[in-house]
């Protein structure tokens, strides 16, 4: 049995130094808390989705369809594409990781905005690539010009999160397409649209009718947010058949379980349910954000099921105070706090918690 010291020699040094992904805080066992830290959909799944889960559960002694064929076909039909344009995976973040594994080698660069989704530096480093983080503008928007300027001969991929997680800022379709035009065709562009269902302007997503003209683009979507299947972990990406084949080849065999496949296929067909839940989330988001802004809180424009408080040095303290008082919110030390839109009752509890504090601070108001 090798000693622990010797075993360490068999692990890539860059893997040992990987930054840990920090999930949204969870309440302690047996403690009731208001959880607004993980951008989950607080609404119950559609009854048809629950029925699909029950039916699929009776067959869990069998392996799932390797390529999630029925779900892949349904997604292709939904977006008016071919199945060869679709890869299904264990959440969109897994597909991002598979795509980078297919493209990057040690010493390559991956360019993305920062702050953005916390998984980006992890999957880049795991693929052996170097992260090139381009700071957001002061208003929390993407600095697309700076991102384009950061691309070099070492760059293998550029990631754009739209809307951006955790800040909520949005890039218009025109801005996105113009940006993609500036990227060399040998560099992949990953467009992470995990929260696009919450965007009210349909002209702020990648134009999928143009997908065939951009063989270096992959668009990532998820069933975890608007479709409410976070616990099942299923997402997909859309792109050129050659890129999609590469993503599939690096994916874990049977990586999407049978229950997730069945539930996602039914959820995709329940568009009316999804749109109603999204509408409710947007209405609650506007209610909460409006009240907080009127109270003096600075909140950038947001297009997700969340909003962002750019609190800088107060961020960690506010998140810790929330944990102490039963309101779980997502703190990014030194940057800000992301708050998920929950049910009306959960949002009222959040407003009560923040009303006791000085706006743009973690400090309690004086009596």
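Any Cβ shown, glycine's included, is placed from N, Cα and C.
Caution: TrEMBL annotation is automatic and unverified by curators.
From a predicted model like this one, the values you see are computed outputs, not experimental measurements.
Per TrEMBL, the feature domain 'Aminotransferase class I/classII large' maps to 33-353. Residues or ranges marked as N6-(pyridoxal phosphate)lysine in TrEMBL: 225.
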Model confidence over the domain 'Aminotransferase class I/classII large' (33-353) (mean pLDDT, whole number): 97
Same chain, 6+ residues apart, C-beta under 8 Å of the C-beta of residue 225 (N6-(pyridoxal phosphate)lysine), given in sequence order: 39, 40, 41, 194, 195, 197, 198, 305
